[in-house]
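**Student:** Shown below is the structure under consideration.
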Amino acid sequence: MKLTCMMIVAVLFLTAWTFVTADDSRNGLEYLFPKAHYEMNPEASKLNKKEDCEAGGRFCGFPKIGEPCCSGWCFFVCA
């Protein structure tokens, strides 16, 4: 009985979560934070810095998710 109740609650929660996080068909969530884009400092972002990436032709290891190479392509050696 407890397992059934837990499953029902989990399904209801996941269903509600799907509807809450889904995009609005009228683009209602498109401008949820309109000022955040303009207040960002792109130079302060660590994602834009490529200081710790490997140059082309260097060993980058096993193919993996992420960007160890400056080009973003890693298949044992950087492209």
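Note that Cβ sites are derived from N, Cα and C of the backbone, with glycine treated the same way.
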**Student:** Have a look at Swiss-Prot and say which candidate in C53, C60 forms the disulphide with C74.
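**Tutor:** Recorded disulfide partner of C74 in Swiss-Prot: C60.
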**Student:** With C78 as one half of a disulfide in Swiss-Prot, pick the other half from C53, C69.
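**Tutor:** Of the listed candidates, Swiss-Prot names C69 as the partner.
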